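In TrEMBL this protein carries:
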| type | residues | note |
| --- | --- | --- |
| ACT_SITE | HIS449 | active site, proton donor/acceptor |
| ACT_SITE | CYS468 | active site, nucleophile |
| DOMAIN | 312-490 | domain 'L,D-TPase catalytic' |
| SIGNAL | 1-24 | signal peptide |
Amino acid sequence: MSFQRLYLLLLLSFTLLLPLPASGQENQDSEPIRQLLEATDPSEPLTIHRIHLRATPLLREFYRQRAFQPAWVDTNGAPQGSAQLLLAAIKEADADGLSPRDYHLESILVLSSLLAAHPSPGLAAELDLLLTDAFLLLGYHLLHGRVDQESGAPQWQVEHSQAKLSLALHAAAAPDGNPQAILTGLLPQQAGYRELRATLADYRRLAEQGGWPQVPGSTTLRLGDRDHRVVTLRQRLHRSRDLSGTAARGDVFDETLEAAVRSFQQRHGLLADGVVGRQTLAALNVPLEVRIRQLKLNLERWRWLAEEFGRRHILVNTAANKLELIEDEQAILSMRVVTGTPYRRTPNFSDRVTYLVLNPYWNIPASIAAQDILPELQENPDYLAQNGIKVLDGWNADSATVTPDTVDWERLRTRPQAFPYRLRQDPGPRNPLGRIKFMFPNAYSVYLHDTPARELFHRQTRNFSSGCIRLERPLELAANLLAGTPLDSVGALRRALFDETSHDRHVRLPSPVPVHLVYWTAWVAPDGSVQFRDDIYERDGLLAQALTTPPPMLASR
């Protein structure tokens, strides 16, 4: 159990043991809140000073459990210290790429001022409800993100977090509760999130200092060139800390500057040749404000992930086309991968690898059969036989083989959506799954696998698949996952793969291994370098737009 969870449990236990106020005082303090909550239909959101509260169902339950006693104001109607700590947490939401305005900041400040000037039980009750709603909404966004990963729409699926949110709220509202610390405890606890958050603060400071200059012109700059643009290039790389201050002068492109350009290229997923060509110049001239936005978007993507990644897990960043096997927060294996094209994008989700398949068949998805295989058949009637592809009459284990000559391929070509068959490719050198695949059954039919197309791993941009993830060194990954079994070495796996009887052989892992498919266009590498990648799937713009949409209401259950 994490320290944050233990802290919340202890605070809640302490709260439940506290005596309630005397009945007279309780009735006096609770009546304004009770009246506000009961004045609204339970199925409708509560409105305070034209602000629609987002968590009305949870609000009602929270105050019912505490006999409608205020959580943030004292018996005189004045905000308690915990209210100030909550207000501080709301103001700090910007540090996580969130907008404090979403959590009623302006209304809370206005109500606080009104209450100070004109003490009123009614105003105090309104402020209390507003603060509670802000806590619940901010808490949810820190726990699960503001936007739904799959739909791209603002989310509030409270079912899977209601218990934790309720626990956190009760602990924060305890007499000695610290809502600021409790909300911080709801953030992702991985070092990667903290480092990205610190980078956002650093880039904002850089923006306040004037940002970085644009490198003019379009011609290539390389080692040995003397050009007035080199001066600006040095300044640009100095501002992003790719070049030390002592080397930030001069109009000659020297070896020190070349090394700085290589550093910049490596951080941006470019060919690190030290030459400032078209792609490198374009990356250099991305405005700082765009990079700040990228950092904020990827903090949101972190919040989508599971609270625990697993002591041992696989992490695939589809924006970087890279896989890492992580153990105790250290990468013990790293490799290049090939991911989906912009038209057949690799999805992002978390699951668990449970088994491997040696020398797998490839059950060709119906969409690929219709869009890719049928056109090939039109050009070459022998395509199926030449590629070891059989036709089956269904997707069951006992489906019968169909003779290709009996199929009306021309009719299917004109009506591909009605494709009734399963095409299955035999194991072998032509099979695009290669010799091994890693299975984590999911709704997307996506998995990790070997590939015969080894040449693609030498390319900088590697988005060529139909959605699955092709591995540069699959046998090394398999040997690691099968540690402690007879197949825990590359040599043993090779022998098994070339056994003629091992077609479609299923091998269960000793224990399931979590796998996380993420799309990070900005992150901090273990060496501390800030990494950026192109938004090849064009997801950043959609996410940025969704983050500006008002948070939805929590529907009454």
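Cβ from N, Cα, C; glycine included.
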Measuring Cα to Cα, how many angstrom lie between CYS468 (active site, nucleophile) and the residue listed as 'active site, proton donor/acceptor'?
8
Secondary-structure category, per DSSP, in which HIS449 (active site, proton donor/acceptor) falls:
strand
Neighbour count (Cβ, 10 Å) for CYS468 (active site, nucleophile):
23
